[in-house]
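*Asks:* Reproduced below are the annotations present in Swiss-Prot:
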MOTIF     45-50  motif 'PP-loop motif'
BINDING   C120, C123, C211  [4Fe-4S] cluster binding site
Amino acid sequence: MSEELTPQQVTRMAKLQKRLRTEVGRAIGDYNMIEEGDRVMCCLSGGKDSYAMLDILLNLQQRAPIKFEIVAVNLDQKQPGFPEDILPAYLDTLGVAYHILEKDTYSIVKDKIPEGKTTCSLCSRLRRGTLYGFAQKIGATKIALGHHRDDIIETMFLNMFFAGKMKAMPPKLLSDDGANMVIRPLAYSREKDIAEYAGLKGFPIIPCNLCGSQENLKRAAVKEMLVQWDRDYPGRIETIFTAMQNTAPSQGVDREQFDFLSLTRDPDAPMRGDVAESDLPAFDFVDVANNGHINLDKAVRIDVVNTYTPD
């Protein structure tokens, strides 16, 4: 830590650590992210999220009922001014196994992306390909990324608004070739908790704008929208995330997710609705279309006393 914390800050940090540890443990359990004997490759960017992820996983490793390895990996993409000494120095203090990789993806990105355009998408794809390959090389069974709950929700809205897809970041993902399993242990954790925890812990943060790329304006707009919602309607973000875990394909419009074409009614089904009328009190209403008086009675269910049939 860069400076001495007050007793109140120490207490707050312990509370945040417990919360994050609980959330990460629950996410790991819910999605079976880490199993006995796993070698987990924690990808570090030098940002608050990946630092917090490594910190919490190391903490859980000491408490978990199963045994698993943790290997920290950072990819130096040769961005101008990247401080090469910060991560090794920090990781040395932890005593965790680590690898620092070097690959000049920066030059590739600058060559392919016009000046002034955001480079984040291509940069991340090149980084992912390098990390996937290295994970296989060292025998890593899981690749842990530092995306949190807010990232997942933002991605869903980005895809809805700009790509016409209901798609987010899954907490657990098998790569297209089936060779790598990606996990996101912070899937249940809020960004503001992670940011506060990182500040109290004094992680040596490396800025992500060394490449000079403009911020992804679409993601920034979605993030601001969610921040405003959280401010104006407390609990809305939690409700959105809960909704993402409770989808009902049969109640949607995606024909790939539900077979609407094969739906058929059962002509032998009993004459009843979703609610058993026998459990409802008798009541009357007027059939506006036919001007007929319909009485719903517990004994006879439906008694039509007047019906009009056109010639």
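Indices start at 1 and increase along the chain as displayed.
Cβ atoms here come from the backbone N, Cα and C positions, even for glycine.
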*Asks:* Which residue counts does DSSP yield for the motif 'PP-loop motif' (45-50) in the helix, strand and coil classes, in that order?
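*Replies:* Breakdown, helix to coil: 3 helix, 0 strand, 3 coil.
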*Asks:* Would you mind giving the whole-number mean pLDDT across the motif 'PP-loop motif' (45-50)?
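*Replies:* Across the motif 'PP-loop motif' (45-50), the average pLDDT comes out at 95.
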